Amino acid sequence: MSEIEKVTKTQFDNVYECIFNDGTTRLCTKNLSPGHNVYGERLIKYGGVEYREWNAFRSKLAGAIVKGLKYNPIVKGSKILYLGAASGTTPSHISDIVELQGKVYSVEFSPRVIRELLLVAQYRPNMFPILADARFPQYYKSLVENVDIVYVDIAQPNETEIAMYNARFFLKKNGYMMIAIKSRSIDVTKDPREIYNAEAKKLEDAGFDIREVLELDPYDKDHAMIVVKYK
């Protein structure tokens, strides 16, 4: 197995590149819970710090960063509402990024899947799993404070509408929303790019400022990341 040669900072807060002696480079985050991995990712020790490899094929946010994402508003201390947390792959890396000063409110609909999420969160005091349906934020509004970012990955035909509805409840003014759009969940007959543009137009018409629309191929086929600012 190749050995770590150095770790360098990226343009984004608490996101790093691990460079190995065989010339390969991998995205990584500092492990908030040393000794524990989440989805079988490699743990890398360098300079007295443990990092977790961040697999771009397992995380849409990692894929977006590798693809050249320009706007990543997630920083140390950010408060995040994550819709569609699943078993915690991407939320755990966000947990690393925001550190203990931040919070990751992690909403998941499946009782089976949230059991896995709870196992992840027990080692991460800044993660707060919530068993709920993202279509009905009124049922978890007492559990979530106003947040800096709403991150959405729920693969529903009305994902954009669900995202905007949650933003009305929880997103601070001048906060950001990041939406992972799966075009095939919206319309299998249309060209994915046409769908991305249509979803961005919905957001713009609702008063959001479009910062970026980034296609995620080859890491996630027929997906795009849309980043908007709440004016």
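Here the Cβ of each residue, glycine as well, is placed from N, Cα and C on the backbone.
So that you can see what the record holds, here are the features copied from Swiss-Prot:
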type	residues	note
BINDING	T89, T90, E108, F109, D133, A134, D153, I154, A155, Q156	S-adenosyl-L-methionine binding site
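Shown on the structure are the features that Swiss-Prot records.
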residue: T89; record: S-adenosyl-L-methionine binding site; DSSP class: helix
residue: E108; record: S-adenosyl-L-methionine binding site; DSSP class: strand
residue: D133; record: S-adenosyl-L-methionine binding site; DSSP class: coil
residue: D153; record: S-adenosyl-L-methionine binding site; DSSP class: coil
Packing count at D133 (S-adenosyl-L-methionine binding site) (other Cβ atoms within 10 Å of its Cβ): 14
Fewest other Cβ within 10 angstroms of its own Cβ, chosen from the binding-site residues E108, D153: D153
Candidate with sparsest Cβ neighbourhood (10 Å radius) among T89, A155, the listed binding-site residues: A155
